[in-house]
């Protein structure tokens, strides 16, 4: 799905009608919620055109400043700021979403407002400086991912005048040429070659993605292991192949006794969630399998959502509980008609990991076929070689006899 977020501008005044807190930004939310059928769905929540900022506070040396907005059907968001003699910084973000909003949360099992509080990672900013961040930043907590971009902010404004000096976020600091999703480095556009008098360059085929190693911990113990190469096949406007780079991809998620989720974050522009569950195959046999995959693609420059898709009806990567699942051959996960995920060199164990190592692997059918064909091919080659040797021997014998007869 796609959604549009409106830009928000909040200008908080003090008692003398002078600006004391100013902010302009865009934000949106990706929320995973439980339905009445005990499945999980992703909801995308964005700001509407009607936003209020009741409860916003200027703040002072002893009281924190507060930027608060309300929007939609009972949703609200706020962040408080503290200051020292030289700097100010954001402290905590509080977000409340209301699952009674059936347009956003259809068939939600839990009804009513749900509030999460998360620590803001904003660095201290010099007083009288404006904090600016055009690139996308994200904060994750309790099944909610908050996205922010095109941010201009100043807390504790002095004398009602917005500062002229800017403090930039790390993402805006140019270390190389800015990249826009999609990038030339990891995307090839599928195209049809047309004949023309001028010489044309044949597009270089997209190579298979590098294999990444990912893990999750519960306390100090590893609870999930994964090795996989990932390639996204997006076919909305133009067909695109996107290789996920494991060097820039981080892993987090949740482990449990009957459900586990691995979330891969490729540089804050691509999020891929794999959810595994346990089933009882029989009274004494328990197995796990991949049940759901969620994918979100963002524009790296302005944070807008390019694609958000999920499929919660998989029955893939099935293996006995306590084992790992392995498939070296390429596999395809059909998320929807516009998105596929190709996996390479896959090995996954989402439950009962021991000593930080994969348990015995149950191989996919494609690998089993490969293992079966290899000895057949070797046997056929050896048989062919024996036949050649035998034919050479017969020919040699005939030549020998012909030589004797002529003498």
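A Cβ is built for glycine as well, from the same backbone N, Cα and C atoms used for every other residue.
Not measured: the values here are computed from a predicted model.
Annotated features in TrEMBL:
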{"type": "COMPBIAS", "residues": "188-201", "note": "compositional bias 'Low complexity'"}
{"type": "DISULFID", "residues": "133-169", "note": "disulfide bond"}
{"type": "DISULFID", "residues": "327-364", "note": "disulfide bond"}
{"type": "DOMAIN", "residues": "209-354", "note": "domain 'Lysosome-associated membrane glycoprotein 2-like luminal'"}
{"type": "DOMAIN", "residues": "374-405", "note": "domain 'Lysosome-associated membrane glycoprotein 2-like transmembrane'"}
{"type": "REGION", "residues": "166-214", "note": "region 'Disordered'"}
{"type": "TRANSMEM", "residues": "372-395", "note": "transmembrane segment"}
One should report the C-alpha separation between residue 364 (disulfide bond) and residue 133 (disulfide bond), rounded to whole angstrom, as 46
Cβ-Cβ distance under 8 Å to residue 133 (disulfide bond), same chain, at least six residues away:
148, 149, 151, 168, 169, 171, 172
Counting Cβ neighbours within 10 Å across all chains shown, tell me which of the disulfide-bonded residues 169, 327, 364 comes out on top.
327
